Amino acid sequence: MPNIEKYEIFLDFNGNEYEGVEKIYLNSEEEKLELDSVNLEIRSVKSDGKDTKFELKGEKLVIYGKIERELEIKFKGKASRDSILGIYVAPYDGKGMITTQFEAVYARRFIPCFDHPAMKARFKLSVRVQKGLKVISNMPVERIEEDVDGKVIYRFQETPKMSTYLLYLGIDEFEEISDNSKQPTVILATVPGKSKRGLFAINVARKVIEFYEKYFEIPYQLPKVHLIQVPEFAAGAMENWGAITFRETALLADDSSSISQKFRVAEVVAHELAHQWFGNLVTLKWWDDLWLNESFATFMSYKSIKHLFPQWDSEGHLIYDESIGALEDDSLSTTHPIEAHVKDPHEIEQMFDNISYGKGASILKMIEAYVGEENFRRGVVNYLNSFKFGNAEGKDLWNSISNAAGQSIGEIMADWITKPGYPVIFVNAYGNSIRFSQKRFTLLDSGLNEVYKVPITYEINDKFGTLLLDKESAEIRLDEGLKSIKVNINRTGFYRVLYDSLNLAFSSKLNAYEELGLVNDYWNFLLADLIDAKTYFGVIGRFVYTSNSFVSREITSQLLTLYYLFKKNYGKDFLVNQVKIFRKANDDLGKLAYSTVISALARMDEEFALGLSTLFDQYENIDSNIKEAVAIAYAVTNNDFNTLLEKYKRYTIDEEKNRILSAISSLRDPSIVVKVFSLIFERNIKAQDTRFVISSLLHNPHIREEVCSYLMNNFEEVKKFVNTVYGGPWGLGSIVRSMSFCGVDKPKDIIDFLEKVKFKEIERPIKESEERIKVYSRLKQNLP
């Protein structure tokens, strides 16, 4: 590979089209260079000042002849109005923000470049635009020059060495607020009229930066960081160095926002800021280690929230929001190892999943518990210092942590990142002995098995112990009678635990995290047919009067899933009791539990929905934490599509819009299905929300038959729209996953259909969907 030193880029914009002149300074011994280029018109190429031969081959710009120092390319590009990847126009209020999203392989839609994470370079950007527009990029503006034809030129400071996927350009009538109290300057940029809702995010960002600078012992490297609200955004956020982009619901929150909205903003801001060190300062060599970027940022975001907002119990949220989803996805035979080998860059999109984020973060938590917090931190600090402004691999981090801890973790880590899945630990007690045995946990018995190196933690008769289970089974003999046992202390281990005697587990002092883990384990044991329905509902019965907010929300989620699948309310007593327990909660976690429970009960119980819906007349003035539940209750009892649609159109805040989308998706009138899809195709619902809306419709058991029929009859139209919007098939994959709900009543028909529409890029989500259909069909037979 050539050594790329620097890109000098000049772009002249007219509307959404631009002409570019790019100089690339490099060292190369090659007689032929291949750059990445997509949807760009190449006007001319010069090598060291002389015209040189070139041709376009697929996504490659091939340049012939040896280049000693300088490559100059003149080209023309266009910001897309259809897709929301690469460089595109994000529409709002009849206007449009030009913005970019380059991870993983979309910088090539912006400029010809070496679009590879290991090919770092410095970037010097100049942009010519109409006067009155503002331009944002990774670095501060060096100067603004008046130009002819009513235009100005923004010239930006040069970036440090960085990967192409971290480059950013934004052009709009940005409204900004900033915190200049210390370095770096923190600036929040929004479309006009929304910046005041960014004060919470700015305050979080300032405190998180201070926390990370202390934790990593390395200052933030740039003079400023922008937090940018983008009106249409495929991802939740993107860590462009010094110019972080967010969809609105991941950035804006104020005093009127719900607790869940504030938590989301804090977590996403903290996640993206963690990338400024872990991902930007030190970058993966290749996308095989994508998980390291994402899992570490996830892990650190919860650690920083613990520091900033102790009342939110971020450790409980890490289990509830990350580990549980990762365990669920990792229990399918279609899962992949955390470290997945990527040959084709277009496979990368499939890696942005619960395995890379949630499982990775959970494994890091497990290793931190194994080696100790300070040893773990010291290893991370050494790693960042060793590879800053460069590229690294996962093994480099393990070596650094091993050196700091004085014990090797390489073998344990290799087990967890190169093997798919995870184990269930069977705990069998007999006499004065306890036997631990392991087997790979899968929802369907596929015959797959692995033996993992499992760092087991336990308490027997209230005494703490550890065991590295690196074979199928091991036994512990006691000097006294067995009174109680619990395994997976604080739920730090990425495994499930099945007890032969639940009474022994409940006789131990289970804390909030261990209760949450047990409840989630036994739900999955029901799905996997390892326990019967009576045992499962017996576990739920032990928590009818729980005040553990995480357990309350988890059981509510399980009961709601059963309702979505089979249109049966299996847990009304539990939910009614939980309403009583959390109705007057004053703490944030209690309020979160209350809003979760009443939202579920509004969907499942018409009588409850009728009572709650009376608050809809006062909707603008009620507590934001219950607004979504009230809107759902109104939808369930009134089937009033038009009123909800008018509210959706009238709201200018995405947090409010999303609540109404949840309500529209809860309507029980099948005639809304065609109307909602028309709104999607006409982009009267934000393109970024397409997957969420279709998935929500598929969950609704009252209209699911019509939704499934529509998707099956119009699959090509849906496929074309989603592929265009998301720049590829990954958006379609998430819709296909939700189609597993279609298979509840007609499993064979849906599986046959999925096989018929299958193509390479969505093979995995189709297999996932088919597997879930089989799980749900079996569950239907086993429930009362």
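These residue numbers are counts, starting from 1, taken along the chain as shown.
Cβ coordinates come from backbone N, Cα and C, glycine included.
The shown structure was predicted, so the numbers you read here are calculated from the model rather than taken from an experiment.
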One of Glu103, Glu373, Glu374, Glu393 listed by Swiss-Prot as binding substrate at the site of Gly236, Ala237, Met238, Glu239, Asn240: Glu103
From Glu103, Met238, Asn240, Glu272, Glu294: recorded positions whose CA lies within 10 A of Tyr357 (site 'Transition state stabilizer'): Glu294
Among His271, Glu272, Glu294, which are recorded as recorded positions, the nearest neighbour of Asn240 (substrate binding site) by Cα: Glu272
Environment of His271, His275, Glu294, the listed Zn(2+) site - residues of the same chain whose CB lies within 8 A of the CB centroid: Glu239, Glu272, Ala274, Phe278, Gly279, Asn293, Phe296, Ala297, Thr298, Ser301, Tyr357
10 Å Cα neighbourhood of His271 (Zn(2+) binding site): matching binding-site residues from Glu103, Gly236, Ala237: Ala237
For the binding-site residues His271, His275, the one whose C-beta sees the most other C-beta atoms within 10 angstroms: His271
Coarse DSSP state, helix versus strand versus coil, of Glu272 (active site, proton acceptor): helix
From recorded positions Glu272, His275, Glu294, the one whose Cα lies nearest Ala237 (substrate binding site): Glu272
